[in-house]
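Structure first, commentary second.
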């Protein structure tokens, strides 16, 4: 069973409307969890607060700094994928001589999905994310305005703006907040143009961009799991012949159709019933493999794509200039530049899943796991908390906190990924997953040394 909440939707033309939604501020998306929490990076954000260490701020601790790193909200397929999905549906309808079992709906299904932009549900996700950030960190948000950056993709910028809408909505309702301050706004847009230095987006490491390891591993696993599914679908759809990739496209449609059909994603797409429970576990692992070997530790240059952001994070946490020769923009990050202050208490950055995965691995958050095997499922609970659905769902968010506790002489650092405390690696971690700031910074030597940027074949700008 699941609960469907009512909330105010984004104002359009000055009119706010009520929306039935499966997304809540605290819990994220909790409808159809046996399926929706296994859609890899296409899963809508769901809270992992109850999967590990306590996520509350410990007693006798006072927060002094928070950085949020967020993925955009749920979107329509990319333009290239949307074209493939539509062509597949048309081919099925042109060739099927019958529609048996769960495939009956395909006879009359009309593909109407857009491309690239946020869905209405994705918009609501980001408003909720802003509300949650304000409320979770009210001790700071009442009196401090976050410094906000966004990669300049339209859906990422829109996500940042909607986050701000939720944030300011909560602040306006908080009687204890300082209402004399300026409203939060996106302070810096960072170009995603090819070759532009951008710590929130990979595109400047030539050797990495040319690498196809993630695609190769995904293709190998797809060839393992898709044929039995295709055999069943061919029985249900006589006259139709599906490739392995097309089987996966039909699985993709389950998630995309669900987050697009209703504003609150309250209706499960009929595409979902085409596949079994076991097959959804396989699909989830397929997506995890793709991210791990495409952008994470499975790729020799994956974590290197995240070191620029880590070096910016160090600068923010230590109130010092950025020391980086990889993806940072030296003009934007110049010492004393208004575009990169290091004296703020709150920071927010908005990007894509493929921008976040390298950052998480550059932080070493999943270093407690062996490399993911290509031929069997290793769930997140056995992979140091890593899976695509647990790490980078739609509207994913990482919180990096500093807190002053009791008689400690320096602040402690803690990282939460979708509300799950990710115990830090490489430093003297305590029972709550935290390290002292100096120890945390020292543990980030991979980033401070530039990772393996020398293997990229380019020089930073």
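Just so you know, glycine gets a Cβ as well, placed from its N, Cα and C.
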Since Swiss-Prot lists 41, 42, 71, 72, 75, 78, 155, 352, 353 for 1D-myo-inositol hexakisphosphate, which candidate among 132, 212, 291 does it give for that site as well?
291
Between residue 95 (N-linked glycosylation site) and residue 367 (N-linked glycosylation site): CA-CA distance (Å)
48
Out of 72, 343, 427, 456, which of these recorded positions is nearest residue 197 (N-linked glycosylation site) by C-alpha distance?
456
Maximal Cα-Cα distance (Å) across residues annotated as binding 1D-myo-inositol hexakisphosphate, namely 41, 42, 71, 72, 75, 78, 155, 291, 352, 353
20
Sequence-ordered recorded positions within 10 Å (Cα) of residue 205 (disulfide bond), taken from 41, 72, 95, 272, 343, are none
Cβ neighbour count within 10 Å of residue 110 (N-linked glycosylation site):
7
Here the Cα-Cα span from residue 155 (1D-myo-inositol hexakisphosphate binding site) to residue 110 (N-linked glycosylation site), rounded to a whole number of angstrom, reaches 25
